[in-house]
Every structure is written in structure tokens, then in C-alpha cells.
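Colleague: Handing you a structure now.
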Amino acid sequence: MIRRPRRNRQTEAIRNMVQETTVGVHDFIFPLFLIEGENKKIEISSMPGIFRYTIDQVLEEVQACVDLGIKVFAPFPSISEDIKDKYATESQNPEGLFPSAIRAIKQNFPEVALVTDVAMDPYSSDGHDGIVENGEIINDETLEVLGKMALTQAQAGADIVAPSDMMDGRIGHIRKVLDENGFQKVAIMAYTAKYASAFYGPFRDALGSAPKSGDKKTYQMNYANSREALIEAELDTLEGADYLMVKPALAYLDVIKLLRDNSNLPIAAYNISGEYAMVKAAAQNGWLDNDKAMAEILTGIKRAGADVILTYFAKEYAQYLKKQ
Ligand code: PBG
């Protein structure tokens, strides 16, 4: 035998030397859940280790993450039912929870970058990402709301706005609104290939944002399709996206690779709530090793071609790296 691949696996030093993919804290965007009030930090039962924070508490969490080298965050607001409405009006209130949190984080941590979620669902009394009329999600009227929401976030200090709604034409519309208002420097991270997934469950628990009726299949993509992701990628790129995202990540590694191979934009992947919850549940039962599973999953997502990973593991992985 002339070829013996095991020669390159003999010792840890050699294995590390030939390792092709490394995940570091710079690859991460850490999602943060926000709630109204003061001095509260409430764990999300379906996402052990992940909390909803009031603004004062989230500042402490950001500090802890910054100390570990995490510099990019994706905040999401949990809005009380009584201020939700059909048009997600609260999303445009500059004094609302979300813009206030953006301002507070940016004032205390100017070096941090914030990727802010643009979608109606946290604010919608229908729990949908668009305006619902006669049971239908109406596209073009929704764009108006999304444009105003993105502008409110940019005015509060968002560095990158991230439309997660999957309406047609939203990237172009948001780019236009931002530019007309002098926010040429605010980037857009498009949730380009966002699939209608069973794995969003814990996130919807965290925000109380589950659809009140129907599902999201008329706007989020069918998980059986990958060529369709290329259509979305082409449109988002033409409309001015600065990043393309694939979401979820684990059942969609081929889609991450497909976009990587067909675009020169940075590719983000969202390792979502259900993917996190599965690992936590199995680890709590002693069925698999949390740290090893976490490292394998994050490395796999990066190996598939993601430049950026949104993950609830970000802080834990940063702590794990310190121990290595
Ligand atoms: C919707 C949105 C979703 C997530 C973030 N924004 C999915 C959905 O409810 O349809 C899910 C993130 C996760 O599961 O971690 N605008």
C-alpha cells in the first residue's frame, strides 16, 4: 500500500495541522431575546441556557460575550399581546422595546455590531410575517411596513438589518427606503433561503410569535427545493443584499454549499432554535456529549460553506474554546 490516509491522522499535532476548517468566535452572531421591564432574566424552557433579558440585563450579557470575543449580536423582541396588532404598528415606535435596546447596546458597546430582525411576526396579532387579509398574506402592502420597520431600526443604530419575512421584493424596497433616508452604510443581511421548518418551535415559544392560524408555507420555502434557493439568491443580490442567509442550517447543508458555490457574497447560516434544543435535550438525557456535538455541528456548517453562523451555541462555544 503506497497510499495510507491514516498517516495524516496519527497524532493530535498532525491532525490539527492538516485540519481544513476551524470555527472561531469571529464567525458568530449570537441571538439575544428581549423583554419589557427591569431586572429580569427568564430562561426559555425549550432552550436550556438561553434567556429573555430586560434591557439592563442584556447589557450584562453582552459584556460577558464581548469578554469572550463575541462582537456581533442578533436581538429579537418579545412583545406583549396587548400591543400587537394586524399591522405590527409597534415595530415602528422609536421608543419601543426593540429600538430602545438597540440604542442601549450601541451606546454601551460601540464596538459591537447589531443585526436586527425585520419581520412582522413578533408584533403581529396574527403571528404572521406579513399583513393577513382574508386568510392571505398580502405581499406589497407588507413591504411598506417592513421598510418603516427597517428605518426605525437603522435610526436606533442597527448596523445590519436582516429581513426574515420572505416577502417578494423586500430587499430592494428596504434598500431604497434606507438610501432615501441617508442610511447608505446600513447593510442588509437577507434571509434568502428560509424554509418552512418544524425546527422553529422553540423560537416561537421564546417570542410568543407562532401563527394564530394557518402556516407559513405561502412565503417560506418548501424544504424539498434547492434550485428555488438560487432564484431567491439571484433576486436578493440584484436588489442589493450584502449577505445571503440559509435557514435552518442542519437539514440544509447542501443549500449552504449551493449558495457558496454560486455567489461571492458572504453566506450566513442560521443554526436555529430547534437544532439547538435537540442537542440540549439529548445531552440532558446523557444520550450524547453536548460539547462534542456542538463543535461537530458548528464545524460542519462552516465546512459546508458558511462564513457566518447565527447560533445559540455562540457563548457556550466561546467558553469551550477557552478550555481547549
Ligand atoms: C420569523 C423568524 C423565525 C425565526 C426568526 N425569525 C422563524 C419563524 O417563526 O417562522 C426562527 C429562529 C429560530 O428558530 O431560531 N420572522
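Quick reminder: no glycine exception, Cβ is built from N, Cα and C everywhere.
Caution: TrEMBL annotation is automatic and unverified by curators.
Pasting the relevant annotations from TrEMBL:
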ACT_SITE  LYS194  active site, schiff-base intermediate with substrate
BINDING   GLU232  Mg(2+) binding site
ACT_SITE  LYS247  active site, schiff-base intermediate with substrate
Colleague: How big is the gap, in Å, between the Cα of GLU232 (Mg(2+) binding site) and that of LYS194 (active site, schiff-base intermediate with substrate), rounded to a whole number?
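Modeller: Distance (Cα to Cα, whole Å): 10 Å.
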Colleague: Sorted by position, what residues of the same chain at least six away from LYS194 (active site, schiff-base intermediate with substrate) have a C-beta under 8 A from it?
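Modeller: Correct list: SER164, MET166, GLN220, MET221, MET245, VAL246, LYS247.
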Colleague: What three-state secondary structure does DSSP assign to the residue listed as 'Mg(2+) binding site'?
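Modeller: Where the residue listed as 'Mg(2+) binding site' sits, the three-state DSSP reduction gives helix.
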